[in-house]
Each structure stands twice: as structure tokens, then as C-alpha cells.
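**Student:** So Swiss-Prot says this about it:
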- Gln11, Glu72, Ser141, Gly145, Thr146, Gly147, Asn207, Asn229: GTP binding site (BINDING)
- Glu72: Mg(2+) binding site (BINDING)
- 414-452: region 'Disordered' (REGION)
- 432-444: compositional bias 'Acidic residues' (COMPBIAS)
Amino acid sequence: MREILHIQGGQCGNQIGSKFWEVICDEHGVDPTGRYKGTAAESDLQLERINVYFNEASGGRYVPRAVLMDLEPGTMDSIRSGPYGQIFRPDNLVFGQSGAGNNWAKGHYTEGAELIDAVLDVVRKEAENCDCLQGFQVCHSLGGGTGSGMGTLLISKVREEYPDRMMLTFSVFPSPKVSDTVVEPYNATLSVHQLVENADECMVLDNEALYDICFRTLKLTTPSFGDLNHLISATMSGVTCCLRFPGQLNSDLRKLAVNLIPLPRLHFFMVGFAPLTSRGSQQYISLTVPELTQQMWDAKNMMCAADPRHGRYLTASAMFRGKMSTKEVDEQMINVQNKNSSYFVEWIPNNVKSSVCDIPPTGLKMASTFVGNSTSIQEMFRRVSEQFTAMFRRKAFLHWYTGEGMDEMEFTEAESNMNDPVAEYQQYQDATADDEEEYDDEAADDHHQYES
């Protein structure tokens, strides 16, 4: 019931995804071979709704509802030889041999388009195995070729075939200071254009913000991608915990969307997770609802490089996990809104939703996941857009894209489409609750003029 189909694409998506499955297996007591290894006492909770993310195969093995795709075999090989490599259904690993070479056009139009049917077949097969499919979650990055180009191609195809199912993406944006590839701004801009149109909810992530959390908060001196991905997977597991474990106040992907998206195009969210503590200082932290709330709303805790203090929250959602009083949760949430009222738009009263799930993540007594729709996310788009314009003005690197059959017009279009959400976020950041009345008055005045 309420299954979620997980799709990961490209190197980044596959690495985040495989970490995520380690976390989910751990929470549900599934070992790397797919067998259930929990105790009888835990089994009620862990197995009751394990089918949100797992299929039960013959012999009691649990198989992830996951589709893995890439245009080169490298990452798949390392997943296969990794700790949880044997848990995936072998047919669900779909990969090409050529690679997309960080080129969005290859992922979207040429190489990716050749492989996409094979991926869609697997997606259909998995979707048919579901009782009542709730939606899809896609992990990908926007800077490369496969995750961005082929990832957005897949999202639009799946959208066509399952228009009424939720489409949730975990999208890793290019970082402001750290760049992996020169053509990131092109790939990201072309992708955002697709995400605005075809995704329902986008959780925006960013390596630099994750590095900062690892340095500052977790006190890791040399954080690896594994550490970053672990942070992401904690958040991913938190977003869906209410579907998988019993809770006092449940939420699901659709409730999340209904409560977070005031206008259809404004669906890019910042995410955070608490408690984040360095390995040595865990025993000194008292886990209380106020402490969690404080850390969760902290700007340093956001996993993308946009500062919520530079904008205002349109809406936000907090998912608490663990044994706690819902009354206390509600009080803390109201408290946050009252103390920082200038950071919330006034034309959406009570714009924070909270949900409570009784089962905490492994090894913690309490935890909370934060998802916020803040107008400051436009900083991310703006930054990418500036880098895009700088290169596009000189037509730098364009021949790689036109050589795959793209047209310059597409770039111009993507650029203006990138500026749409920015303008829209800005417009609603400045809007006040009584704006509407002024407009009505003006409209009425015009009306009188015409009549007279």
C-alpha cells in the first residue's frame, strides 16, 4: 500500500541512492542479502509497511523497488561490488557503455534517448507490482550529463505515463564555489527548465552546503562524498518515515505537496536534518523538542547554499521522529513563527505543517527533518543563471551541444525559463497581505473611469 518507486540516475544519483538504501535497509532490519534479520519484538514495526520501498520475493527476500540507470558501467559496477550490491534485482540495473561526458544533450537527446525505453520498461514492471503507487522519487545531479539530461528525460516520460502520481526529486545543484565541470551552468539551466514543468516537488541539495555542515557541525576534517551522501539519505528517509512507520500525525508525499506549494511553479524546497552532531559530542547533546527545533531551523543546517535569512518562508514542514508529545511539537512550531514572524510571509497564516512519527532513526532517540519553501532559493537559480549568461554570451562550449542536434534557441528559452521562478519568488517575497486590496481598489477605479 502507498508504494514509492525509487529511480536513481548518473554517478551522483547512484551514489546517493545506494547510501539511501543502506539507511532504509538498516531501518527495516533487512541485511545485505535481502533477508529480514530483526528480532521478534521489532518485527511488527519494521515489517508492517516495509512494502513502501520493498517487494517481497520468493523465499522471504526483500528486494528494493529501485531502478538504477547510468550511461556508463563504472558506478553500477562499484554498487554491485559494494556492501548492498546483491540486494537489487539484476534486471533493474540499466546502463549503457558510452557515457554522457557531462553533456546534457547526450543524456537528453542522443545516448540517453537510446537507453530510455529500456529504463521505462523496468519502471513499468515495478509500477505494475504496486498495489497503490504513491509516486516516484528520483535522485540525480544537475551538473553532469546523465543525471541532468537523461534524468529530466525520464521525469518527463514518467510524467506522461503516470500524470496523477507524485514526482519527487532530490536534485544536487552545482555548488557556488566548488565546480566539478566547466559546463555545469549549461546542464543545470537546461534541467531546471524541465523540473519547473514536470516535477511536483524538488528537494534542492548542494555539495558545498553539505561540506560546510560536515566541517562546521560534524567536525570532519576531510569529508568524503560518502559522508555527504549519508546526510542526504538521512533527510530522504525522514521525508517518507510517516509512510513506513506508525505515527500520531502522518504525512505523505501528497500532503507534503499540498501544504508546501502555494503556487504550482514554486516547488523547490530547502531541506535540513537534526540532530547533527560530531561523533565525539553525541553524549553531551540533550535531545529535546526545543533543541531539535532550534537546530532544524538554523540557517547553517540547510543542505543547499541559499540563506533563508535573505528571503522569507512561504511554507515549511517539520517531520519529527521519536517518542514526544505532539503538544510540545505544536508549541515549538508556533513559537518559531511568532519569534521570527518577519521571516514568514504574512499572506499565508499558519504556514508551518508538522507531523510526528513514533519510530526514531536507528541509533537516535529523536530526530527531525525539515522541508521549507523559502523565497531565498532564488539565490541558487540566480547564481547558476549568471554563470550561464557569462558563457552563453560568448557561445563558449556550445558546439558540444549543437553537435548533438540542439538548437541555440533552446538555450535562450532555458535561460528565460530559469528567470521565471526567480522573478516569481521575488514577487511573492515582496508581496504583503494587503496588496490584494490595493489591486482591487485600482481595478475598481479603472472600472468607474470606463463607465463614466
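The backbone N, Cα and C atoms fix where each Cβ goes, and this holds for glycine too.
Model, not experiment: these values are computed from the prediction.
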**Student:** Does Gln11 (GTP binding site) have same-chain partners at least 6 apart in sequence with Cβ under 8 Å from its own Cβ, and which are they?
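**Tutor:** The answer is Asp70, Gly74, Thr75, Ser141, Gly144, Thr146, Gly147.
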**Student:** When a 10 Å sphere is centred on the Cβ of Gly145 (GTP binding site), how many other Cβ atoms does it contain?
**Tutor:** 29
**Student:** Inside 10 Å of the Cβ of Glu72 (GTP binding site), count up the other Cβ atoms and send me the figure.
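**Tutor:** Excluding its own Cβ, the number within 10 Å is 19.
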**Student:** As a test of the contact definition, list every same-chain residue at least 6 positions from Asn229 (GTP binding site) whose Cβ is closer than 8 Å to its Cβ.
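**Tutor:** Non-local contacts for Asn229 (GTP binding site): Gln15, Ile16, Lys19, Phe20.
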**Student:** I'd like the number of other C-beta atoms within 10 A of the C-beta of Asn207 (GTP binding site), please.
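**Tutor:** The answer is 26.
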